[in-house]
Amino acid sequence: MSIKTVKDFNSFAGKRALVRCDFNVPLKEGNISDDTRIKAALPTIEYLKEKGARIVLISHLGRPEGKKNLKYSLKPVANKLSELLGQDVKMLSDCIGREIVNNTLQMKDGDVVLLENVRFYAEEEKNDKNFAKKLSENGDVFVNDAFGAAHRAHASTVGVSDYLPSVGGFLMEKEDKFLGEVLKNPERPFVSIIGGSKVSSKIAVLESLLSKSNVVVIGGGMAYTFLHSKGYSIGKSLLESEYIDIASSFLKKAKELDVKVILPLDHIVADDFNKNSTPEYIDSFDIPENKIGMDVGGKTLKEIEKVIKTAKTIIWNGPLGVFEFDSFSKGTAMVAEMVASCAGLTIVGGGDSVAAVNKFNLSDKITHVSTGGGASLEYLEGKILPGIKVLEK
């Protein structure tokens with residue numbers, strides 16, 4: 001099912017386009033430390049400007065818990081947008097109310113304003129109808145380009161669409177196209193690389209991708225629960241004991257479906273979970289009882305490289321080791337390079353895998369770098385995202 005996009009809307013000229021973006025960017029001492037999500041919104045903003053729209057941007061930032069907290073103000077985003085667009089992006093002091101609506105009504109074609117954080121109101125996350133109606137008064141048409149928040153049925157992602165004609169922006173369209181393609185009709189061989197620390201947060205994705213993949217690579221902290229379920233010793237590594245049976249039945253199902261599962265065959269371990277710990281190589285599935293698994297070893301990487309080289313489609317979500325500690329980031333870094341050099345369709349999603357791709361300047365070699373963390377996960381789990389559902393044709 002495809003979605004309606006900005007190209008399906010007749011005329012934006014002179015109209016206020018209320019654009020829901022995902023400007024939930026990391027801030028360090030009030031400065032934006034990664035502007036990927038802001039840059040991802042630019043194609044839609046530029047298109048609307050070209051078409052003569054008056055652009056009213058809305059977003060959330062952080063978790064202010066329904067109260068006005070200037071620590072979570074979108075002011076730094078307005079400054080960054082002004083710089084990137086080469087025009088003044090006016091920051092308004094609220095997101096609802098007569099004064100704000102009057103400001104939007106006085107805009108000229110091509111003007112861009114940013115409203116204050118929608119999560120300064122508790123009604124936003126409750127998808128309160130009255131709040132959604134007040135938000136909608138700032139626009140004549142609603143454009144949802146916030147894929148990163150599409151899995152949330154909030155007032156600014158879903159509620160507003162009850163009051164305004166609604167279409168998706170280019171980012172929303174791109175995410176829906178690439179992730180949808182992978183789930184519906186992937187070119188084969190199709191390799192899913194799933195990392196991260198917990199089985200509990202990734203098991204639904206693994207189960208959804210299992211029936212579609214030819215190879216599933218499991219890495220990161222969650223791999224140790226899978227190894228334990230096969231009878232290997234994992235030392236002091238992370239173990240989710242309540243998921244041992246689930247891991248075991250997943251591996252059994254993979255065998256029945258003739259899907260190859262790659263688990264770590266060797267490890268980089270440490271005495272304790274610390275960025276200053278000394279890395280030590282273990283050439284075995286088994287980890288000594290006083291050690292913690294921190295990254296995959298060279299043999300595992302060679303196995304992964306073999307399947308990546310012949311892959312026609314790759315989806316990668318989650319790191320293969322403790323990526324945030326430099327000494328244990330090699331596995332994730334090498335997989336990032338392997339995925340980037342693959343000639344097939346490559347999709348990377350999830351905070352740490354995206355960070356790895358960006359850190360090594362490889363994002364332009366990936367077919368699609370997904371901007372949605374939780375949203376990408378839920379999409380890959382096969383869930384219908386509320387923010388996308390309201391845009392379907």
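Each Cβ is built from the backbone N, Cα and C atoms, and glycine gets one as well.
The substrate site recorded in Swiss-Prot includes ASP22, PHE23, ASN24, ARG37, HIS60, LEU61, GLY62, ARG63, ARG119, and the single candidate from ARG152, ARG188 that the record places there is ARG152. Cross-referencing GLU173, GLU175, GLU256, GLU324 with the ATP binding residues that Swiss-Prot gives (LYS202, GLY293, GLY350, GLY351, ASP352, SER353) picks out GLU324.
Nearest neighbour of HIS60 (substrate binding site) by Cα distance, taken over the binding-site residues GLY293, GLY351, ASP352: GLY351. Ranking the binding-site residues GLY293, GLY350, GLY351 by how many other Cβ atoms lie within 10 angstroms of each Cβ puts GLY351 at the bottom. A count of other CB atoms within 10 A of each Cβ picks out ASP352 as the most crowded of the binding-site residues GLU324, ASP352. For ARG119 (substrate binding site), other Cβ atoms within 10 Å of its Cβ number 25.
Annotation note: SER353 (ATP binding site) sits in a helical segment as assigned by DSSP.
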